[in-house]
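A.B. asks: For reference, TrEMBL lists these features for the protein:
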| type | residues | note |
| --- | --- | --- |
| TRANSMEM | 81-100 | transmembrane segment |
| DOMAIN | 81-256 | domain 'Amino acid permease/ SLC12A' |
| TRANSMEM | 112-137 | transmembrane segment |
| TRANSMEM | 157-187 | transmembrane segment |
| TRANSMEM | 208-227 | transmembrane segment |
| TRANSMEM | 233-252 | transmembrane segment |
| DOMAIN | 361-532 | domain 'Amino acid permease/ SLC12A' |
| TRANSMEM | 366-387 | transmembrane segment |
| TRANSMEM | 407-433 | transmembrane segment |
| TRANSMEM | 512-541 | transmembrane segment |
| TRANSMEM | 547-578 | transmembrane segment |
| DOMAIN | 638-755 | domain 'SLC12A transporter C-terminal' |
| DOMAIN | 768-1019 | domain 'SLC12A transporter C-terminal' |
């Protein structure tokens, strides 16, 4: 779960002897703020979860021993995303309908149709890529990504539409396979035969229903038996698609110099159905006698050349033209423009000689007819399914080695490749094939051959067999994917009545979901017409994009139908006026509907926010900035506001709070004046937020009230920004630092994050720009990820934008620093944070004389200041004495520091140490210990010091030494803030530790997490 730490108490306790000295400042909270190396190891060992399981946060907290050892995902971009997407995108429409679309719409409008559809899928892919790259992609594909990014409402709606779309796609592929089988491979396998000339269509539909149902049952059985069989044949089906497409290109090239022989028989300018006769002529010469041909018999019903025949047949000549003139014939210019037809119209060749006459209606079956009415919108609906299938890669996210990288690259490359194939095929079909053949959907004019097959080389059968197997394969893939998608939705329980479909076989196969999928697919098969199922599929797949804009779309459509250019001008003018009034206009309170709507929307949003704490992905610092005012009610440290504006960049919630000491009845006017002062300062510093001034008898109580009560409902602060109590050492009054520590304790108790900018007056103003420099993060213990998030947010502001981010983490003696660096780099890559990574080794050194001296001075000063009877003069003298002793001790300890630099050798040498380094440690060990004993004998009072304080001071000194060494020139240093001691007697010592920890650093931001995760690598 989000709020639980990554490590339990046992894990945090390991290696405690190193924490005794090196991280003693943080030891009281190690159970909730684990060391960084353990966190990184746990994150890097994350394994992809299966689709439909509960959130990864819950899965992470389950007992590791119960988890099965899963095989690490190994698929790359090519095999895992690119090829599956290619296979799903290329399909039945390319082979069965693209030639017909080019014939009807013409080359130019076909280009437009392909462009529209490809742009739609490309935009969808870019959106999907944004989600996919936004952290680790769990197994579960598109539904999982959408639902976890946009919430259950969007996820459920889009997921169900996608499920229905995938199911209908399965039906469409099966119908395509049956059409190829019964029309081009084995026409004699038809069960229903037309009783009359006009029953051909209904007989074909009945055949499709019967065979489609049989095919569906067979495929459902294959999927039920095991998905592994589907995957085994996937590469075979893809090979069929690739070979078929290559044969089209080969045929187009060959047609330039040797076009294939596919003559078309024309009567006048009308196209005749070639499968009903053999010779394209009215008469033939047989034994030197001119006799009627079979064509004559069909039109005149007898062989007598003198009888009355169909008038159109008698007046027009029969001629043959080439069905495939070839790319060099110049046919392209005839096919550029559209030639839409109504249902039942005869296919005619423009500009071909003919005599207009009325023909007999009962002879219409001899011509090639248009079976449906066509238009641009109809063709868009039929073509759109041929660009879907882009989710094939994201559906395999659990099997990908690097889903963040592979899904966007693989999917976009697949779309680019398929789009280029579609564009080139449109051009080749228009340049090589006769227009009437293109418009002939079933190839009646070319003797019932598949039209695209007539162009292919070496044989039409390459395309016929290839397209049959590819459509079967695509149908199997759809019937495999759809039930798993329904199962994932059902397991999430966002639609309660679907719960039954979450169950399946013992191995997780979705049996009930497969049954429902087969029933829905059967509905598509009962429709039986590919041209009717394809538009339904288009609407289902486009529906998620259109629903929310339905009302607006109707209005816009009417505007643009009336006059598109006036609509554009009117929208532009209205937009400009709106933005001008919003930006520059005077504020008026007219009780307008928009204000009321804003209030209603705000109330609704606040009630929605009340439902629970935000998910880790939605967590942002919502600030409560505690400002101190001087005697004249002016802001004492305005740079705190500057820092807040740079951190928030005008987004989210910022509350500026301040406390005025006194009685509310007497100081109400002061509070109002202070609030106005703060608001003016907020405007100057460009802080967008709210102001709250509280009157309280004690400042500490006022601050506690602010921390508890600021905000409204779910719109509450989660982070407190607190100023550093400057001059606390010199102050007679201990209340300043007591208030500071009390506030730290309050924020911890309220589970809020805390930011303490030290030396805030040195922070940059909003007008400054850092063109170079570093923001250094010192990640010592993990307390939710605030240290990662804050510099990322600061870098969004123009002041910090050009700064580079460096992340330092501290390695103890038992840590493998090389592995830690690799793990940290992986962690940052998954967070999409660009930063330089460095692991600093902190060796388990002896405590230096300087540390003892600082501790001694600290304790002596504390004892002195506790003697409340001291006069003011004596206190000032005491403070000066402490200051003098501090400077003398620092000078005296220089030599002892050098002596103590040699680190002792650990019992177990970590792998990052060299042999030479180890030998030198052994040589120096005895001398270092000897020197240390000598120092103890010189300063006997050291032995009486509180050893806990000594160890804490050692941490502060050592960390400060390392940080100053690496980050002395950094623009900003972010650092874990240790928690205050549980025993309040040591509060003043705590202040001293913080001072020592941050000595010598110009700008420091002390950061303390609120006890929950604020960043996640999971998308």
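Backbone N, Cα and C define each Cβ position, glycine as well.
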A.B. asks: With helix taken as DSSP H, G or I, strand as E or B and everything else coil, how many residues of the domain 'SLC12A transporter C-terminal' (638-755) land in each class?
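C.D. replies: Taking each residue of the domain 'SLC12A transporter C-terminal' (638-755) in turn, the totals are 57 helix, 24 strand, 37 coil.
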A.B. asks: For the transmembrane segment (112-137) and the transmembrane segment (366-387), decide whether they are in contact, meaning at least 3 CB pairs lie under 8 A, counting pairs 6 or more apart in sequence.
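C.D. replies: The transmembrane segment (366-387) and the transmembrane segment (112-137): touching, yes.
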A.B. asks: Could you tell me what the rest of the chain brings near the transmembrane segment (157-187), counting residues at least six beyond its ends with Cβ under 8 Å?
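C.D. replies: Same-chain contacts beyond the flanks: 91-93, 95-96, 142-143, 146-147, 150, 204, 207-208, 211-212, 215-216, 219, 385, 388-389, 391, 442-443, 448-450, 453, 464-465, 467-468, 471-472, 474-475, 478-479, 481-482, 485-486, 488-489, 495, 517, 520-525, 527-530, 533-534, 536-537, 540-541, 543-544, 547.
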A.B. asks: Which one of these stretches, 81-100, 208-227, 366-387, 407-433, has the most C-beta pairs shorter than 8 Å to the transmembrane segment (233-252)?
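C.D. replies: Stretch with maximum Cβ contacts: 81-100.
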A.B. asks: In terms of Cβ proximity under 8 Å, which residues at least six beyond the ends of the transmembrane segment (366-387) contact it?
C.D. replies: 89-94, 97-98, 101, 104-105, 109-110, 113-114, 116-118, 120-121, 169, 172, 201, 267, 270-273, 276, 298-299, 338, 340-347, 415, 418-419, 422, 436, 439-441, 444-445, 531, 534-535, 537-539, 541-542
A.B. asks: Pop the mean pLDDT for the domain 'Amino acid permease/ SLC12A' (81-256) in here, whole number is fine.
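C.D. replies: Its mean pLDDT is 82.
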